[in-house]
Amino acid sequence: MFSLNGSSFTNNSLSGVSRCLTQSSRRGVSGPMVVAAAVNSNGKPGDRNVSVLVENSMKESAAAPVEKEIKSTVTGGVGDVYGEDSATEDQSITPWTLSVASGYSLLRNPHYNKGLAFSEKERDSHYLRGLLPPVVVNHDLQVKKMMNNLRQYEVPLQRYIAMMDIQEMNERLYYKLLMDNVEELLPIVYTPTVGEACQKYGSIFRRPQGLFISLKEKGKINEVLKNWPERKIQVIVVTDGERILGLGDLGCQGMGIPVGKLSLYTALGGIRPSACLPITIDVGTNNEDLLNDEFYIGLRQRRARGQEYAELFDEFMYAVKQNYGEKVLIQFEDFANHNAFDLLAKYGTSHLVFNDDIQGTASVVLAGLMASLQLVGGTLAEHTFLFLGAGEAGTGIAELIALEMSKQTGIPLEETRKKIWMLDSKGLIVNSRMESLQHFKRPWAHEHEPVKELVNAVKSIKPTVLIGSSGAGRTFTKEVVQALATFNEKPIIFALSNPTSQSECTAEEAYSWSEGRAIFASGSPFAPVEYNGKVYASGQANNAYIFPGFGLGLIISGAIRVHDDMLLAASEALAEQVSQENFEKGLIYPPFTNIRKISANIAAKVAAKAYELGLATRLPEPANLVAYAESCMYSPAYRSYR
């Protein structure tokens, strides 16, 4: 986590927090039993909307023993039972047959519904005859059909809504669809389409996908958490909606971000869906358009600040740990600068917290820079960096770069920071501005004359790397890019702001203005560009490369705190996944088609660092962490309901 004194992301001296939590083996149920339908007084099938059953199922379970020991090579994991996954924390397994109705109610339950994939035997056993057309199809054909349907929509938001409908109908189909078509669907469920979804969330909201905790719930947050149907939560993504992507304050409608992030935790990182909880903290909004919108779904008041905000968040953080334990990962998402840094510093030493905007962005950008060195040569310490934007993303990236340079060279952190320059809305951050700077900008104030314009800063500082994290679109102008290209054979340009409309420049602009010499990456995806007869495929510095695998690594190791070195390990693991074939195409990130393998490798490196630092609680450490991570990952494959 990012420390306010600028020394590092997190307190590196967490003595006394390592524990050895050796656990005994757990027991679970071997396989689903036949579901008995609710019956009326005449002994005939009754109302299928009545949640069932337990009597007949319990009689059957009494007649034949169904429990067995579930073996795990590593304490803390459990076997894959009813589709629950071993990347999980001390969960008790409840047979779905004891909690889910058969017949019509089964088809309405997205966790267990298989639609037309129910077999003939399952249709007989679970009272589905007549409720489905006679054809039986497999999972792959269902995916093919849904992709065909999705491609009929020309508007990305329509595809987003269709994906929401699939998730609410058939959870395993949704995740298989996303995993099998990740490059095509990632821009739909995540950036850039999720930005528009948040803007219109009040109009497209259908049914709860997470928890809304507002000021009205102050004093009752512990009870509100208990309203969520799942009890074994491992990852929470929480936002207060004040800085959604580059779109500003969207208040309660920021819920689309936690929902989207957690979909990727499952699809890309293998965390079971039932272990994920999206949360929006609603303290009001300062967005006048939303306050006057009759369809707005949040509190109609201006944002709470100060003590009122702090007390609500304190209660929330305490309630989370009380309900879900020490090892639940809380990911802060899209908080404004003034809260993002403070929350990370405040709770970093008492909770397992991670800020994706500060730390996740930093880790993925550092990985891209490390990979870029294979194309431009030199070490990180031999390059000069200029940032446009000095908020949580920019300063977070800068700090991780400085930490990596210090680690590689042994040069003190205060010295490596001098290779990094930042320009905010008032111009270049220099020593003469020190008194007026926010605390997180002060480490980046260096000795230099004031400079207002970006193009003049480029000409004066002569950076080899230009990074945009400003949230302001089209700020890398032709003049800026051409100036950068005059003294760099291969200028490195990262236009990171999201969504696409806020990107500092497009891929086409970067390649054409640099005469095809730029090494370009962006926050939102761009199509390949043809320039002078050559096709350039740009990279996407997408946080989805990092946070799913990072979270998996924390979970499989039972980590209780996040440390700087875990972020560096994640960056190194990602950079190592870029192949020579990728480099030959000009790519500095691997293709998303391999993301599950990439996430497993990142998880293994992060877990290994947790064990090395004494922050892991799942002991003993597995001999092969990559294989263990892969074995723990959620699979959307259908299970046979006997």
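Along the chain as shown, residues are numbered 1 onward.
Glycine too: its Cβ is placed from the backbone N, Cα and C atoms.
Features of the protein shown, as given by TrEMBL:
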ACT_SITE  Y190  active site, proton donor
ACT_SITE  K261  active site, proton acceptor
BINDING   R243, N498, N542  (S)-malate binding site
BINDING   E333, D334, D357  divalent metal cation binding site
DOMAIN    167-348  domain 'Malic enzyme N-terminal'
DOMAIN    358-611  domain 'Malic enzyme NAD-binding'
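Separating the Cα atoms of N542 ((S)-malate binding site) and E333 (divalent metal cation binding site) is a whole-number distance of 15 Å. Cβ neighbours of Y190 (active site, proton donor) (same chain, under 8 Å, six or more residues apart in sequence): G260, K261, S263, L264, N542, A544. Max Cα-Cα distance over the annotated (S)-malate binders (R243, N498, N542) is 18 Å. Same-chain residues that are not part of E333, D334, D357 yet have a Cβ within 8 Å of the Cβ center of the divalent metal cation site turn out to be T239, R243, I244, I257, F332, F335, A340, N355, D356. For D334 (divalent metal cation binding site), the same-chain residues lying six or more positions away in sequence with a CB closer than 8 A to its CB are T239, D240, G241, E242, R243, I244, L245, G254, I257, D357. Separating the Cα atoms of E333 (divalent metal cation binding site) and N498 ((S)-malate binding site) is a whole-number distance of 14 Å. For N498 ((S)-malate binding site), the same-chain residues that are 6 or more apart in sequence and have a Cβ closer than 8 Å to its Cβ are T191, P192, G195, L245, G246, G523, S524. Of the recorded positions R243, K261, K261 has the largest number of other Cβ atoms within 10 Å of its own Cβ. Restricting the average to the domain 'Malic enzyme NAD-binding' (358-611) gives a pLDDT of 95.
For the binding-site residues E333, D357, the ranking by surrounding Cβ atoms (within 10 Å, all protein chains) places E333 first. The local packing around N542 ((S)-malate binding site), expressed as other Cβ atoms within 10 Å of its Cβ over all shown chains, amounts to 26.
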